[in-house]
Every structure is written in C-alpha cells, then in structure tokens.
Amino acid sequence: MDVVNQLQRQFIDYSASLHREGFLDDQFTQLQKLQDDNSPDFVVEVASLFFEDCEKLINNMARALEQQQGVDFKQVDASVHQLKGSSSSIGAMRVKDVCIAFRSFCEAQNREGCLRCLQQVTHEYSLLKNKLQTLFRLQQQILAAGGSIPVVE
Amino acid sequence: MDSCNCIEPQWPPDDLLMKYQYISDFFIALAYFSIPLELIYFVKKSAVFPYRWVLVQFGAFIVLCGATHLINLWTFTMHTRTVAMVMTTAKVFTAVVSCATALMLVHIIPDLLSVKTRELFLKNKAAELDREMGLIRTQEETGRHVRMLTHEIRSTLDRHTILKTTLVELGRTLALEECALWMPTRTGLELQLSYTLRQQNPVGYTVPIHLPVINQVFSSSHAVKISPKCPVARIRPAGKYMPGEVVAVRVPLLHLSNFQINDWPELSTKRYALMVLMLPSDSARQWHVHELELVEVVADQVAVALSHAAILEESMRARDLLMEQNVALDLARREAETAIRARNDFLAVMNHEMRTPMHAIIALSSLLQETELTPEQRLMVETILKSSNLLSTLINDVLDLSRLEDGSLQLDLGTFNLFAVFREVLNLIKPIASVKKLHVSLNLAPDLPEYAIGDEKRLMQTILNVVGNAVKFSKEGSISITAFVAKSELLRDSRTPEFFPVPSDNHFYLRVQVKDSGVGISPQDIPKLFTKFAQTQSTATRNSGGSGLGLAICKRFVNLMEGHIWIESEGLGKGCTAIFMVKLGIPERSNEPKLPFMPKVPTNHGPTAFPGLKVLVMDENGVSRMVTKGLLVRLGCDVTMVSSSEECLRVVSHEHKVVFMDVCVPGMDGYEVAIRINEKFTKRHERPVIVALTGNTDKVTKENCMRVGMDGIILKPVSLDKMRSVLSDLLEHRVLFEAI
C-alpha cells in the first residue's frame, strides 16, 4: 500500500508539474475525465495518435521548407493548421503556442522564421513525448501495483 | 409802165432812210437764218436736250422771221404783185408761228426755271453729303483709336501698366502735350498726381478735392474744358508758352463691393480720379467734339480695366489666404491624426500589456492566499490583492471611459433578471456597509417587471457605483435604495427640462433613487460631479480613494441607455440623493426575433445523458476526431466518425440526430456540406441538427454558419460539461446559436 500511495503521490506531483510548466492544459484534464472502465486506455490511445500525427506533419513541413526553389507556404500552413488542431484537442499547450507563431510566419512567407518555428515545434514535441511517456509509465506502475489512478482536478 | 401791176413802194428807194432799212433788213435776215443753224449744230452735239419740239418751233419762227425780212428787201424797189403776195404769206405764217411759240414758251419757261432750282438743290445735297462723309470718317477713326486704346489697356491686368498705357496711347492718338492722372488719396480729401505722360516720376503734388472746377468735372460724365490756369492743369513747370487747351474728365473708381450680381451699380460711387489732357501749346488746335468723345470713352474703359485689376488682386489675395488656411488645416488634421493614432496605440498597449501582468499578480496573489501563511504574510498578501484589485479597476475604468468617449462602446443587450441585479448589488455592498455600521435597505416597487432587456453588466456597474459612492461618503446612518417604474407625469422632471422620455409599449423607464445620510455636497460642487477626474476637496473624500471617474462613467452609461442621472443635496452635512432613470426593454416571449440564449447554469445530468443518440462527427484531424468521439461516447452517444465531406454526405441518414462538423476543413467547405444535408432532408423533423465545431468565433464564421442553415456553433476545445449542455439544449430547442 505504501508503494501504491507513493506512486500515486508521484503521479499527482508529476501531473501538477506538467500543468504548471505549461506542457499540458485543461483540455488534457478533460481527456483524463473521459477515461473510464469502458475505455481504459483512452488517453494513451489519443496520445499515440497525436505523436504519429505530429511526426508525419513535422516531416511534411521539413520537406516543404527544404525546397530551394519556391517554398509552398500554403502546404506548410495547412500542416501547421492540422498540428495546431491536434495539439489543442489533446491539450498540448506549448506546442499549440508555437503553432500559432508558426502560422503567422507562414502568412508572411518568411522562410527563416518558419524554419526556426519548425525547430521549436520539434523540440517541444520531443519534450512532451518524453514527459507523457514518463506519465504513462507511472500509470502502468500504479495499475500493476494494484492501485487506481488518482483523478487530478 | 402802169400796166406791169407792180406795187410802188411808198418811199423812194434812194432815200437814205430807205437805204439803212434795206441794210438792216439784210442783216436781220442773215442773223435769223444763222441762229437756227447754230442751234441745230449745238443740239446735235449734245444729246441731252429734251425740248426738241420747242427748238423746231423756235427754228421755224426764226426762219420765217428771217424770210420775212429777206423778202422785205425786194419791197424797197418796185416789185411785182407776186412779191407782195409772197411777202404777205410769209408775214402771215410768221405771225402764226410766233404766236404759237409765244404760247408754248409760257409753258416752257417755268420748266426751265425749275431745272435750275433742282440743280441748285442737288448741289446743296452734295455738299451736305460731303460734310457727313467727313464726319463719319472722323468717327470711324475715333472708333479705331478707341478700340486700339482699349485693346492696349485691357491687355494687361496690372494696374500700373493699365494707367501708363492709357496715358501713352492717348498722348499718341491725340498728339497731346501732356496727360496726367490724379488719384484720390486714402483720406479722400485730396487728389494726388499719380501718373504723367512726359514726366517720369511725378513728385507728389496734391490738390484739395473740393475745388469748384474739380466738382464741376466730377459732376458731369462728359469731358469738360477747363482753364489752363487751374491747379490741376499746372503740371509742367511754368514755361514761356501759352499753354494749349486743357480738358479734364472723371474716371470712376469702382469698388469690389459695388458689384452685386443682381443689380448693376448706378454710379453712386463717390470716388473718382481725374484725367487731365493738354494740347500742345504752340499749335492752334482746338478740342474737337470727336476727340472729347474719345476721351470720355477711354475714361470709362480705364475705369472698367482698373476694376478688373482690383478684382483680380482681391481674388489672388483670397486664394493665397485660402491656401494658407488649407496648409494650416492640413497640418492640424495630421497632428490630430497623429494624436489619435498615438492614443490608440497607447490604449492598445495599455489594454494588453497592463492587463497581463495585472492578471498574473491577482491570480498568483489569490493562489498564494490559499496556501499556508503566517498571519503577517496573510496580511501582506491581502494588501497586495486589494491594491492590485484597485489598480485593475482603475485600468478598466480608464479604458472604458476612453472607449465610451470614442463612441465605440456599444451596449450588450440581453434579457436579464432585474431583481437579481439589485440583490447582487446588495450582497456586494453589505459587507462594507456592515463594517461601517451603515444600514442598507432595498425597496423594489411591486409593478417592477422581473425580467428586462438591457445591458445587465453595465446597469449593475452603474448601480454599484452609485450605491458605492453613497456608502463611501457616509460615516453613519442608513442608505436606502428604491427602484420603481417611472410614470409619465413624473417623467418630466422640472429639474431636468431637457430630458423628455417617452414611454412606449416595449419599453419602460426604471427609476432608481439612492439616498444616503452622509456628508452631502455643496450646491456649487454639484455640476462638477460628473466631470472626469474632478473630486471635491474635502479631506474625507481624498482619503477614500477612487479616481474620480466613477460618476463620469455612470453618466455615460446612463446616456447610452437613453436615460438621465443627477444628484440632489441640500448642502454639506445633509446627505444626498442620487437619482437615475434608464430605458429598459420589456421582454415578451413571442416578440423576440433573436435566437434564444443559453441559460447561464448548465443543467447537470448523469454521465449517460443521451443513451443511444446517433451522432455523426466529421473532422479531418485524427486527434481532434478522437477527442470529440471520446466526449460523445462518454455521454452515451452512438458515434459514427467520418474524415471527409464526401464520406459525410454518403453516410448521413435520418437516423443521425446530430452532425458535428469541423468547418475549418480545407477542400470542400463544411458549409457546402451543410447546404447539401439541408437539401437532402426536406422535412425538418427528419433532418439532423447540424453543429459547427470551430476554433474561431469571429463574425464572419458565425454569419456563414447561419447563412447555410446550421443550427449552432461550438468553440473548440470542448469540455465534457459544455458538450453535455450543448446537446441537451439542442435536443430541447433544436437551435443553439453559440456556445463558447
């Protein structure tokens, strides 16, 4: 039981720190609320889908921005739009913020700015992926120890 | 010899007398025969002679006379009876013809005389025509000179050139000795010599204007001969010669103000200039009439030309003035624009930059309050919180006021609970009032409607401000708040004569009176109450804080609500009453053209609120699709997911009760899908409710959604509670229109 409590406390603290540091926002909490006995892995599924999407979109954008002759800003913009949508659906606040800045650079057709933003997005995305993976591992550990995942309000 | 039947002459032929008679008769006969010959000769020469018949007669008469005398020659000697017979016949004939001729001449001679008269008459006529010709020629010449002069004068608009040219041309045309122009001085009492022909720089001779000779010239529109000795004519230094004849003419100086469009000025102008012209002194020339006429005409032309020049000068001056004003106005406008832009920039910056840190301060301080603190720390945090709240209010007030003054503030009209507003105010004010031991009472009239249409937030702000002021300025006693519907007799208040409210069926006037027993206000301060930043000077008010903006903002809100606010006080120490009236709408259920609003409190159902509700979700973004599905599954719905518009149209059926679609889908517009769905399901109860899920709620998106017949918009990201309430509203009312 101590182990479970400890793990649960760790989980709560970690979750709170993610929220505090701005990696996640309220939307993620909502998602967590949707998880119940009928869909026990809802959040993990959504997160995996998000990571897949992210990688695909980032690759698309990198390829489009690498073009030496004529960058197709419209394509880049469409990808950023998708990414923004996905990140706001999952509650990835920092990724979403970078996407907003990214979009304005796309509108201004500023290649340098876009490249910078792409770097930032990649960075944020990898950070978030690590953090979420840690969070999910904690969850697994709690479940394996026989406890239940505490609800963070 | 008696038997020869001869006739003896009476006298012997050798008589001397007889001899003379014989010679005379001979010559007579000769003359009488030669005259007709001459006549015939000369008449033949001139073909014009009209009286041929008379001549013939005359000739016959002469010839016969001659014959008679010729035959008489034979009667001097003895002659036969035949000769006597011939003689007698000749004499008879002669008698007849001469009598006939005499008679004829009676007719002829008057005619001949009249011919002579006619000749004389024609000669006179010819002389007259000659004279007239001469006159016309001189007139034509004058006219030519005038035209030429006018042309010269009018070819320039410069006043000096005009006058100089006039003098030069006149001098040339009329071969003048000297020509001068005297202009009236500014005072109008003297004439000053302004221009002369021969002298280059006329020194300023002046002559008083009221000399009789000058008056004479001014009073006549003709050129007047004046004496060379009068002062205006003494231009040249005194010379040896007798000066020639001098003529003076007036030149009217027309003023700009004389030109009315509709009536031409009678020459009632008082100002004239004088033009003096002198003939050369050594010639015996006289001024001819046509020359005088020329001078008069030129004087008139000069007047016109001068007035044109004056008008031109005037208009150029006006144009320069206008240009200057234009430049100044432009500058002022640009400055004003700069100022406005600076202000807007400032406001924009203030708005965002100041609110953000304020927000952080307030949020974090309140969070801090929640943690464990020592009592001193708690006090400090509370002070921080209070000060930052005040600062935040101040910022909001200032921003509100500038937006109000801009005119850019618009009321957010909506239906709200009037009673609730008053209760809320009371709740907010009660703590402070009880600290100050003030008693607050609220009195709502029974006929006051429970619901009204207006700007709830700002009405509350106004009431709160007024009540807050009452509390602030009262140290003890009680505050009473009364609210009732203003009746029409009471509406026209004698104190506010300029406020004429007119109640109608859809509106009523809410009248609120807040009476306090505080420090009161002196009558001279009352007008200043509603001005910005003005505060009364007493120390009590100074310590109470506040920016002085509250009442100014209230006044503007009340004005926006088509009302009126004022304060009455009997003086210092006697408390005061704040009264305001605002126009509110009366809500009616059937009367509302707008879509109904969502109730503020979302109803809380159980987790499976909508069991088995068939829902279609269209979203291209995988993650967001999954999230939405998760939400709906949690609420118990049966969710079908599609990722493209074509798929959506294919799959949608009358079993689906609600369709959620993301309208930011590139490619086929979400709007088009809505239109297609509307077309597909003609009957309204078969059609699923269409709701747009979107990341932006600007006006354009909203309008587009309404236009294509969507039933509602939801702003992403959606929380569980929001989704729940949206669905329940949709299914209850079938129409939503906005959920944020």
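Using the three backbone atoms N, Cα and C, a Cβ is placed for every residue, glycine included.
Lifted from TrEMBL, the feature list:
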type	residues	note
BINDING	B:Cys65, B:His69	Cu cation binding site
DOMAIN	B:349-588	domain 'Histidine kinase'
BINDING	B:Asn469, B:Ala470, B:Val471, B:Lys472, B:Asp516, B:Lys532, B:Ser547, B:Leu551	ADP binding site
DOMAIN	B:614-731	domain 'Response regulatory'
MOD_RES	B:Asp662	4-aspartylphosphate
Within the domain 'Response regulatory' (B:614-731), residues counted as helix, strand or coil by DSSP: 53 helix, 25 strand, 40 coil
B:His69 (Cu cation binding site) and B:Asn469 (ADP binding site), Cα-Cα, nearest whole angstrom: 164
B:Leu551 (ADP binding site) CB neighbourhood, other CB atoms within 10 A: 23
When distances run from the Cα of B:Cys65 (Cu cation binding site) to each of the recorded positions B:Ala470, B:Lys472, B:Asp516, B:Leu551, B:Asp662, the nearest one: B:Leu551
Least buried by Cβ count (within 10 Å) of the recorded positions B:Asp516, B:Asp662: B:Asp662
DSSP-derived structure type at B:Lys472 (ADP binding site), helix or strand or else coil: helix
Cβ neighbour count (within 10 Å, all chains shown) around B:Cys65 (Cu cation binding site): 22
Segment confidence, the domain 'Histidine kinase' (B:349-588), expressed as mean pLDDT: 79
Other CB atoms, at most 10 A from the CB of B:Asn469 (ADP binding site): 23
Pairwise Cα distance for B:Ala470 (ADP binding site)/B:Asp662 (4-aspartylphosphate) [Å, integer]: 52
Whole-number Å value for how far B:Asp662 (4-aspartylphosphate) lies from B:Lys472 (ADP binding site) (Cα to Cα): 52
CB contacts for B:Ala470 (ADP binding site) [other CB atoms within 10 A, all chains]: 26
Other CB atoms within 10 A, centred on B:Val471 (ADP binding site): 21
Under 8 Å by Cβ from B:His69 (Cu cation binding site), same chain, sequence gap 6 or more: B:Asp25, B:Phe26, B:Ile28, B:Ala29, B:Tyr32
For B:Leu551 (ADP binding site): DSSP state (helix, strand, coil): helix
Assigned conformation of B:Asp516 (ADP binding site) - DSSP reduced to three states: strand
Candidate binding-site residues B:Val471, B:Asp516, B:Leu551, pick with smallest Cα gap to B:Asp662 (4-aspartylphosphate): B:Leu551
